[in-house]
Number of protein chains: 4
Amino acid sequence: MAVVLGHNQYGKAENRVVRVFRDSDPHEIVDYNVSVALWGGQEAPHLTGDNAPVLPTDTQKNTVYAFAKEDDVVAQPESFGIRLARHFVDETEPITHARVRIEMYPWTRLGNPHAFTRDGRFVRTATVTYDGSTTWVVSGVEDLWILKTTDSEFADFLEDRFTTLAPTHDRLMATSLRAQWWHTGEDVDWGKSHDRVVQTVLETYGNHHSLAHQQTLFDCGAAVLEEQPEIAEFRVTAPNKHHFVYDLARFGIENAGEVFHADDRPYGLQELTVRRDDAPAPGLAFDPGQGW
Amino acid sequence: MAVVLGHNQYGKAENRVVRVFRDSDPHEIVDYNVSVALWGGQEAPHLTGDNAPVLPTDTQKNTVYAFAKEDDVVAQPESFGIRLARHFVDETEPITHARVRIEMYPWTRLGNPHAFTRDGRFVRTATVTYDGSTTWVVSGVEDLWILKTTDSEFADFLEDRFTTLAPTHDRLMATSLRAQWWHTGEDVDWGKSHDRVVQTVLETYGNHHSLAHQQTLFDCGAAVLEEQPEIAEFRVTAPNKHHFVYDLARFGIENAGEVFHADDRPYGLQELTVRRDDAPAPGLAFDPGQGW
Amino acid sequence: MAVVLGHNQYGKAENRVVRVFRDSDPHEIVDYNVSVALWGGQEAPHLTGDNAPVLPTDTQKNTVYAFAKEDDVVAQPESFGIRLARHFVDETEPITHARVRIEMYPWTRLGNPHAFTRDGRFVRTATVTYDGSTTWVVSGVEDLWILKTTDSEFADFLEDRFTTLAPTHDRLMATSLRAQWWHTGEDVDWGKSHDRVVQTVLETYGNHHSLAHQQTLFDCGAAVLEEQPEIAEFRVTAPNKHHFVYDLARFGIENAGEVFHADDRPYGLQELTVRRDDAPAPGLAFDPGQGW
Amino acid sequence: MAVVLGHNQYGKAENRVVRVFRDSDPHEIVDYNVSVALWGGQEAPHLTGDNAPVLPTDTQKNTVYAFAKEDDVVAQPESFGIRLARHFVDETEPITHARVRIEMYPWTRLGNPHAFTRDGRFVRTATVTYDGSTTWVVSGVEDLWILKTTDSEFADFLEDRFTTLAPTHDRLMATSLRAQWWHTGEDVDWGKSHDRVVQTVLETYGNHHSLAHQQTLFDCGAAVLEEQPEIAEFRVTAPNKHHFVYDLARFGIENAGEVFHADDRPYGLQELTVRRDDAPAPGLAFDPGQGW
């Protein structure tokens, strides 16, 4: 047998770029964390240490900051990612694939044209993958916390010898959502589209009468796909942030779902995909992370 | 010589209490992280392992959750802290001192009476200390990010052989504020007062033409004290979150304060106290942390 | 078009199990963080909120702690994962797949039979996936830091208009490794095998004269595969933890690779797979993470 | 009333310095995180934005890296801190006080003269404070985990209406220690002294039959002071990392202190000082943190 090189990728991760638009009045800013991964034609450095095909990650860093100067491109994480991914593949022999992942930290303007405060409601994300012909654009959101004080049930579930949970028809439900959605086209107002998805998810989650967390999450994805035809697939990871009713009866105090302990670990975790039945396969759209 | 016990304190830290107010329509919630520290009369457990004077931290936990049932008390972190601190000292022989530190995570209502999303702009804090007669109430804020794209200078500073920094008359300035302020009385609308301090800090920081970060921070504190007579002392810790102009000239690209690298470490750190000249000494108001 | 459910999985994440073996003298302990993910037959809860096919995550938690009582099973993360994964699929209609991921925190015995201190050199991991017939066992390590003060070069790389990096023939190289390796069989002394892989990686990385970080990492994987025939594939993610020589010449001080600034972000990131050319496809062995 | 400036300090925090000793064979390294805080004569920048008395934090950073070239000085965090603190006060009009806090990350040599792996058993710390005449040197340790499977009791404690904890005569006890100790002199082999303190703490904690966590911690401090006359005061903060026996009786499984859930929050927290009765007051030795 011989030992061979399998899939490999490399790049500069977590370039923290802040871009100020001074021509606009008031000033605008975008705050990004940009990670680049490239692959294609990289056998030599792995097998012999020959760096001829290696575009140094330091050069990738310079490129990220250089392209951040291009106003239209940098204004939205999706367009910035598209610009960078295509550059690295189209301009760099022998690179065949690029994936650019961007985290965006929203800021809110204060009462003057050049001061801002960080809006910590969520982190916006964009992942763009390009193989020399196809460009996959995935938008997303992370750390989006939602809590419902009622309208959530969990009952009539499977039981086995290890079942001790009591069914409930009224519980507090909370999560910190991580979602990603794949756009089949690029003719999109990225900012507007993102705002609308977040709004749809919040409204659906908040208004849904939930028999199962899975049902609530599926409905969030379904609502997004029904409203925005340019979105073909929606993936969500949602921890069930458990809030346990604290036993106050021991002290002669009634606790009718008023006082809760917010527990850390363990936590339920639901992960699911919602897609159009006529959508093409997502191909390389979604970053497989460590699993490749 | 003999080895003796010096200052000591103990308690239950980070009780994660969520309280739902179901009687109000729409529902209200508060989300707290409550840490209790008690001292007084604890020689025996340290010197001989005799636990007779020890109120177990488990009991302290039960107490925190039990008192969370009291509507008026739990509605504000300051009033909740006062209630808990006084209980532990007044009801527990031999405890002489209690300090209760509370972190509050704000939530924003969604479009229905029982759904919320986390508002991550900052964490609100309250620290209440009680010695059996005096109660010290300190309110605060953490993780309050502010960024200014201009109106900030730093020049004419001290130089020595290790000075390489160039003076500047226009820089991007950013920070993540941690502030605490001491109230001399308890006849305060805690929520209103906190909102007003945060608003004052944001407006002052944003509108200040800064010759030094120290000056901007002092003015923030001064503005708070001038507006709110019930506040006697204001303390702030403010990292200078450095944003470095990225050198694009190397690539023939002009960068007139538009593209920045947001660096992580090291960072400048300013810490200062602003107080009324006629204010009493703060005594035990401010938690000395690990230094005692 | 219709909206349909795609891949979905759910489970209880981060069950923090500590198991004490009291029958052995001296005592032994294992310290685990166990995450369970199940899939198969879960359309109903997503589409209608019917929980009939749902084994609650609370039940999964009870199961993890219950099986932790089984001495032989719990002693190694791989055997514990195999036991749990097979239970959930074989005993739970309609579950078809289970993936159990375990983090293990090593402890070192102190000078008596029942006291331990945490050994923070790395976190050991195991991921077991089962589909009702095939069981995939992947072992791994995280947070394994390695630093070399010399014997590392990086030169003769690709250049473009954004290249500013100077080639070097002697640099400090450091990383924090995350690696996973797939065993084709289960007739393995899991503890011995893990120790040997870590030892091989440390020795190879430390002794390798590096022309490229990629080359060093490939050689680490190759050495593991050459030594341990039961391992078919090795995957590694290795940030290049940059250490920059600090410019002291400005102060008339020579710095011949002695004083470095350890930077945080951005960082180079190399990810690669090393496999036997005669190895079968890994199938579901490696957790694809969020990308599925 | 007037608003006045109270205590203030400023500096460059978290300078990540790695120093390689290439002259020694094998190579040696130290890995530090150095934070500088200076005070004295800083009214002008706060009140008027006049930076004449301000030694920029950028200059402080350069100084830290420059002094890291001095072999004997940088070899131990205490001596490095002493060198830096004295420099900033003695060489900088109008600075009157300096506090230098250093975190040191230990590394272990691998099987060759220039490769290392990080030893994550604990973080070593040093805090040096200087006022122009007195130098206070405090050494410390953080993240030192200890776990005992037996020999720990907690019974006969105070009870009130909120007490539900059952007394126990055999429990699992675990903590993650943070300790600091003050040396009255500088004629100390800092490395040897630190190793000995850690060893004393581990042995005392491990071998102590504990009736109360407070007792165990006091004995750790007492043992340190008894062994090392140069140490006048020992302060420790020790969370009680709760491990709860998991209820398996519900499933007909006996659990005689074998299977535990390691909980995250809340946790008991013990903090105490052990000192010589003939020791002078520690003055500015211990950093009061945010409380000043």
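Just so you know, glycine gets a Cβ as well, placed from its N, Cα and C.
Going through C:Arg171, C:Arg196, C:Arg250 against TrEMBL, the one listed in the 5-hydroxyisourate site together with C:Thr57, C:Phe154, C:Gln214, C:Asn240 turns out to be C:Arg171. Taking the Cα of C:Lys12 (active site, charge relay system) as the reference point, the closest of the recorded positions C:Phe154, C:Asn240, C:His242 is C:Asn240. Around C:Gln214 (5-hydroxyisourate binding site), the same-chain residues at least 6 positions away in sequence with a Cβ under 8 Å from its Cβ are C:Gln270, C:Leu272.
Nearest to C:Asp58 (urate binding site) in space, judged by Cα atoms and limited to the recorded positions C:Phe154, C:Arg171, C:Asn240, C:His242, is C:Asn240. C:Asp58 (urate binding site) carries a helical DSSP state (H, G or I). Note: the Cα of C:His242 (active site, charge relay system) and the Cα of C:Arg171 (5-hydroxyisourate binding site) are spaced 10 Å from each other. When the binding-site residues C:Phe154, C:Arg171, C:Asn240 are compared by Cα distance to C:Thr57 (active site, charge relay system), the shortest distance belongs to C:Asn240. Annotation for C:Phe154 (5-hydroxyisourate binding site): spatial neighbours C:Pro167, C:Thr168, C:Arg171, C:Leu211, C:Ala212, C:His213, criterion Cβ-Cβ under 8 Å with sequence separation of six or more. Of all residue pairs in the 5-hydroxyisourate-binding list (C:Thr57, C:Phe154, C:Arg171, C:Gln214, C:Asn240), the one with the greatest Cα separation is 49 Å apart. The Cβ of C:Asn240 (O2 binding site) lies under 8 Å from the Cβ of C:Met173, C:Ala174, C:Thr175, C:His213, C:Tyr267, C:Gly268, C:Leu269, C:Gln270, each of which sits 6+ residues away along the same chain. Reduced to three states, the DSSP call for C:Gln214 (5-hydroxyisourate binding site) is helix. The Cβ neighbour count for C:Asp58 (urate binding site), using a 10 Å radius over every protein chain in view, is 20.
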